[in-house]
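What follows is a short report on a single structure.
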Amino acid sequence: MFSWVSKDARRKKEPELFQTVSEGLRQLYAQKLLPLEEHYRFHEFHSPALEDADFDNKPMVLLVGQYSTGKTTFIRHLIEQDFPGMRIGPEPTTDSFIAVMHGPTEGVVPGNALVVDPRRPFRKLNAFGNAFLNRFMCAQLPNPVLDSISIIDTPGILSGEKQRISRGYDFAAVLEWFAERVDRIILLFDAHKLDISDEFSEVIKALKNHEDKIRVVLNKADQIETQQLMRVYGALMWSLGKIINTPEVVRVYIGSFWSHPLLIPDNRKLFEAEEQDLFKDIQSLPRNAALRKLNDLIKRARLAKVHAYIISSLKKEMPNVFGKESKKKELVNNLGEIYQKIEREHQISPGDFPNLRKMQELLQTQDFSKFQALKPKLLDTVDDMLANDIARLMVMVRQEESLMPAQVVKGGAFDGTMNGPFGHGYGEGAGEGIDDVEWVVGKDKPTYDEIFYTLSPVNGKITGANAKKEMVKSKLPNTVLGKIWKLADVDRDGLLDDEEFALANHLIKVKLEGHELPADLPPHLVPPSKRRHE
């Protein structure tokens, strides 16, 4: 009796089983979110339907900036190789969107061929028409960096209404399409001629729903002196604060991202540290790709739910027979009030609603009679996905991340910063003396010995209490001094001999010079008499 009820209940209770996060996202989207999107014509208002390639593609990095800020040179610097279609110069050179991707041989795939390839995540770009597709291509080449990531080069953004109109396609809309699908958006600025044109401001505003993906690079910083660089950095932060209306400060990397000698080498250490941080951020993308796709699907589901409430509310307000056109105009003009009503009734955050002005423009061309009434079952399915399925996928994301190395991207400029004497921080701080035959602490040991013998050593060793009296003079916090003690007490007897005391003072000096302490004592810092214990 009532077997259909028990079957339905059983089906609801049984969790979906997925082999990978990508497969899980693909199935959840197709089975639970896509029906809601199609029912309320989501794709006509916001974003085209997702395809399999959107869930399986490699992480993508989108480069955006005004002309001659070094976008193409930045890619050349990363992959250490010229790519097909590459043009570099002081004038606006890159006039196309170029997807730089891995391929068995060097070559160019034109836009019209690219958007019919089901293996590439670009099929929905055909909606932007031939004017765009003629300015879109894929440069493919065998390169180890491109094994892990793909990079999208964009045309330089110009100033003035004429250039915006003459493109023949909606540049900001294309960038917004890419922004939804990429893992990182890098905005490049030229430190030598800092200027944010009106079109660039509009582009940055179009990316406002993706602040978590945005990083800023202040490029060509070696062309100006330190004092000027501080002023330029301040001006950039002030300008960005006016455009990106968020309380969080956007991360800005300062440097000169090309392989030529630095023109003004005063800030070399700063540039090296910033480059290392940026490279680490890019190298983490493959590891975090599944989490990014999961996050984007959640954002899309929340927007689809709000969209369903908006469309169903408009349908509910429309008359059945007379006065449809006048009512439509009234509803479009009063859309802000409908937003507020939905916000109150369904406890939805204001940040989940689509842009009011853009939505009003899109609604003016729609036939409201084709809109659908509210269908709670579709919304319940999406709520169930967000509450249960996504939580299970989150566990799988962590499992997949734990199996991947922290830095997956290899080759190109990334190899130059990894190991060897030119790796970041090599031979500095605790790494000083790593290649020396003599113990690096030995050169300062006579000075430390003078202090050591004033601390009443017994049988050649001083107690922790006596060592503490001297160590606290450094004014370092007890937590740091405790770590130094642990590293210096190599034989773990709770006492320090003359070599261990010298080592403790060397580590204090390392910390006072602004370097980090190692988690474990490096082999080259182990005192000579203790090396038999190692």
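The backbone N, Cα and C atoms fix where each Cβ goes, and this holds for glycine too.
Annotated features in Swiss-Prot:
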- M1: N-acetylmethionine (MOD_RES)
- 153-156: region 'G3 motif' (REGION)
- 444-532: domain 'EH' (DOMAIN)
- S456: phosphoserine (MOD_RES)
- 476-511: domain 'EF-hand' (DOMAIN)
Query raised in the report: Including all protein chains displayed, how many Cβ atoms other than that of the residue listed as 'phosphoserine' lie within 10 Å of its Cβ?
Result: 9
Query raised in the report: Counting only residues 6+ away from its ends, which parts of the chain sit with a Cβ under 8 Å from the region 'G3 motif' (153-156)?
Result: 62-69, 71-72, 75, 92-100, 135, 171, 175
Query raised in the report: DSSP three-state call for the residue listed as 'phosphoserine': helix, strand or coil?
Result: coil
